[in-house]
Amino acid sequence: MGEKYRKGHHAVLNKGEENEMEIFGYQTEGCRKTLCIAGYVFSCGILPLVFYWRPAWSVWANCVPCTLREADVILLRTTDEFQIYSRKKVTWIYLSSLNGSVSLTPDHPVIADEDYVINRAIIRPDLKVRCIQVQKIRYVWNNSEEQFQKVGCLEDGFTAAKIHLKFGSGLTREEQEIRRLICGPNAIDVEITPIWKLLIKEVLNPFYVFQLFSVCLWFSEDYKEYAVAIIIMSIISITLTVYDLREQSIKIHRLVESHNSILVTVCRRKAGIEALESRYLVPGDLLSLSGNKIQMPCDAILIDGGCVVNESMLTGFNTAKGDLVRSILYPKPMNFRLYRDAVRFLMCLIGTATIGMVYTICVYVLSGEPAEEVVKKALDVITIVVPPALPAALTTGIIYAQRRLKNKGIFCISPQRVNICGQLNLICFDKTGTLTKDGLDLWGVVPSDKNGFQEVHSFTSGSTLPWGPLCGAMASCHSLIVLDGTIQGDPLDVKMFEATNWEIENSGIDFHVRGAPAGATIVKPSQATCQIPVEGIAILHQFPFSSVLQRMSVIVQELGGNRMAFMKGAPERVVSFCHPDTVPSNFASELQNYTIQGFRVIGLAYKRLEINHHITAWIREKVESDLTFLGLLILENCLKEETKPVLEELTSANIRTVMVTGDNLQTAVTVAKKSGMIAESLRVILIEANEADGSSPASVTWKLLEDRKHAGYRDQDSYINIGEDVSKPRDEEGSYHFAMTGKSYQVISQHFSSLLPKILMNATVFARMSPGQKSKLVEEFQKLDYFVGMCGDGANDCGALKMAHAGISLSEQEASVASPFTSKTPNIECVPHLIKEGRAALVTSFCMFKYMALYSMIQYIGVLLLYWKTNSLSNYQFLFQDLAITTIIGITMSLNAAYPKLVPYRPLGRLVSPPLLSSVFLNMLFSLAMHLLGFILVREQPWYSATDVFSACSLPKGNISRTATSPMISGKVSPDSFMSYENTTVWFLGTINCLIVALVFSKGKPFRQPIYTNYIFVLVLAVQMGTCIFLLFANIPDLYQRMDLACTPTLWRVYLVIMLAVNLILSLIVEEAIIENRALWLIIKRSFGFQSKSQYRKWQSVVASDQAWPPLNQTSYSERLESASGVSYSNPVFESHEETP
């Protein structure tokens, strides 16, 4: 293959995004396809099944590599560590299908503009477009750039001026039709998956295919009872899984269904206004929004007028909500070591089964057995070593944990995440609504004049604020509207305005102010207020709030009076626009006094304007200058009662807690201290990072926050107080905490990435974080091998909730769809509950792994010993072990509830670990030794006979039912019978040994309740043990004959009990004194110099050994200058480099 050919064969789709993929071009070849079809037939359907599991193999077998331009099949591979393959068929869109409504020619002006990706994708003169559909997103082939590109959104490169030029007048009907055909509908089409599709997908799972193989084998051997039991269990399991998937599909469908058919008004060029359903919108359509409350059906750019929006997410698969729904439909696999180890564990079992098969074939072939019998016995070994009931047994612990979580009001839509919760060691919390109560309460206002701050005016007494500029600012400096008789807008604005006891209304037709809009908002004092010398205030113009600017301003005019400008925002930003003489000298200390108590503080200012100027003549820079400082608005956001106890519980369990909020930094630090996330005695170090500016490279500075010393009022971000001459903390590791804003985090990520891991080791407070930064932070913690939980309640937490190993939503809105777990109780008490249940479920999974492994090995050892004598266990003996013992134990062993206290260490997270492997290996050796001992000793007994199974007991011959033709009349057994002394010995030893390991492996404290609290399991074990002892010592000939058991002397039965008792004692000693001895394993680790492979452990060691860390009162600079490049318009998904208010 030539170099050029190879180059065109491969490309990257969605580069740099979360759903980045590699794509490869292939072309179907007739000969290969014919051979594959023949393989489908001759393999009896096995080959297509393999291709279904491995789509890449199907492509490689049917197709040959080619350039992406020539490809009719595209092979996709994710670029993450999983590298999952999928295949897509290249399809064609023919513009000729529009001939009924649009008459197109290759040189038609509508498709001639090469600025649009859509037009560059049209192949001329055929007027057709190549495309692929990947995860609900359509990608078209860009002929000029030779690559597949996403359609369904505006081109990012368009400037604001170009958008006005190209789309300011709307699209023509022809343009709409073409875009609608190529881009597809503007809707999140989530169909309810038919039950038959879910059923087929579940049945074709490799595990159920193996079960089908096992069941067919058992039916051929007349092992009907257990085969039927497995079929029933599989049907129940499949039904429950399909039901859960169906319910989730219905839930997602209902979530988005109402958003797909919103009636919108579209302005069409040369055709006026048209009403149509939102699903028919296309990129570039010009929408007209009326004054009524509507649901926004797409991402849009406001090009004229004004509007008020809330934080709800929008529709369409190319929007934030579309991305969220798509991530639910196509979830990223969890990289959890337990599941990787489970695959390795199964591979080991398969390897063991292969050895057993070779042994079986050799023994039976040398014994001259028929080929059919040899094959059956060899295949039996696979079903013994790899028990079909294994996955069902492993999921029972998760099912019980889910049920207990549901009883606590915690609902789970992703059951496999329950086990992962048992490994969580870092929890990120949102602040507002999560750690603190929802909303803000207006605590008071601190007026200011030339003499300094005045006495606090408290609103809790019900007294109104006297008229003056401060009252005017609170009444008018906002963006509130009245909708359906209710004041709508930012909750902070609502609280501030309601405290004034004023009212809002729209101006009438008789309202005329020079330069003011006809529908200007007017605020008036209500009848409850008194002694207000003004009739009202008209809000003439707004300079809207920006999270980057951290302020908003309005131009207002008293009705019949003065014109003024009011500003509100972050206090440090507001005073920077005020005349210094109007700012009290104790401004910094007053502000600090409230912020350290956790109050939200807003600064207010104003100035008078000349009334004869036209409104449009005032620019923002001119209005926002030489202001007079008015005072501070104090709002209270209290901690929830449950917050502090929960954080203390997590801290005592060595589970790290981190705050990730969009709020002010000082407020976040104060809440962190009040909640116990940061101990009062520990120091907080502020990390400030700045982008490259001109000739200055990007920089990062470390400063110590002090609670009492105060800085000048022009410092940035919320009057954090910087100690000027402090000694560097050199206490033990963890004696300080880092705090930073989203802006600093972004700069560090881009310019100081090598420092980021060291910073994250002690970073506890992240403020002013955008939704994209929140999810990116979670991902960075995961890269350090933390198991990260995220707890939040808002739509801006969705990305982080989805990214975390365990996302816990305290809201039942959009956040609950993104999150695997949703709590009905809106506080963080759900977090320790979830961790406890996760630990219990994880330990239960390990217990079941160990038990199922030992059960398989016990049966494997017994059967191979009997194969040596060309014997085996009978169907009823297998049935008793498989169904009456193991299945019931598998159901009841997992019932132990979670231990009520979180201990300061986690359970093992890996199957391939020394303690677990040692436990399995040692118990397997004990079982092997016991079976070998029994097998050898029974053959040495004086009463033993290889042919006469009645030689050991002097039973009356009449007690054994025989027929006249039965060979048992002479005391001999039939060649087809399984009855032998070896069989009886091995079966009793193996059956009771299964009960022993179940008892030994039923781990209780410190992660589960003690075994005696699991009453059902204890009762089951007692009944099973009683039944086995009864069978061992009972002399019931008919029962023995049915079970293919031979009668043995009582003394031999006592010997068997002694062997089992010794096995039990050894197993208990090993499990308690060695396997569960945490102190011993720690000593062993230290002795062998074991080092943790977790990245965060390595970085903790690096930080602890670095005497120069942290570099207090120092500034570091990036090695290279990187100028920031701005983009005029983009359609990011959960990504924003702006700070969030």
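The backbone N, Cα and C atoms fix where each Cβ goes, glycine too.
Going by TrEMBL, these are the annotated features:
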type	residues	note
DOMAIN	154-223	domain 'Cation-transporting P-type ATPase N-terminal'
TRANSMEM	226-245	transmembrane segment
TRANSMEM	342-366	transmembrane segment
TRANSMEM	378-401	transmembrane segment
TRANSMEM	849-868	transmembrane segment
TRANSMEM	880-899	transmembrane segment
TRANSMEM	920-938	transmembrane segment
TRANSMEM	984-1002	transmembrane segment
TRANSMEM	1014-1034	transmembrane segment
TRANSMEM	1054-1075	transmembrane segment
REGION	1121-1141	region 'Disordered'
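Same-chain neighbours of the transmembrane segment (226-245): 193, 195, 198-199, 202-203, 208, 211, 214-215, 218-219, 388-389, 392, 395, 415, 875, 878-879, 882-883, 887, counting only residues six or more beyond its ends whose CB sits under 8 Å from a CB of the stretch.
Sorting the domain 'Cation-transporting P-type ATPase N-terminal' (154-223) by DSSP state (H, G, I as helix; E, B as strand; all else coil) yields 43 helix, 1 strand, 26 coil.
When averaged over the domain 'Cation-transporting P-type ATPase N-terminal' (154-223), pLDDT in the model lands at 84. The transmembrane segment (880-899) shares more Cβ pairs under 8 Å with 378-401 than with any other stretch in the list 342-366, 378-401, 920-938.
Remote same-chain residues near the transmembrane segment (849-868) are listed as 342, 345, 349, 352, 356, 359-360, 363-364, 377, 380-381, 384-387, 389-390, 393-394, 881, 886, 889-890, 893, 911, 916, 919-920, 923-924, 927-928, 931-932, 935, 982-983, 986-987, 989-990, 993-994, 997-998, 1001 (criterion: CB distance under 8 Å, separation of at least six residues from the stretch ends).
With a cut-off of 8 Å between Cβ atoms, the residues of this chain six or more beyond the transmembrane segment (1014-1034) that come close are 884-885, 888-889, 892-893, 895-896, 988, 991-992, 995, 998-999, 1002, 1043, 1045, 1050, 1053, 1056-1057.
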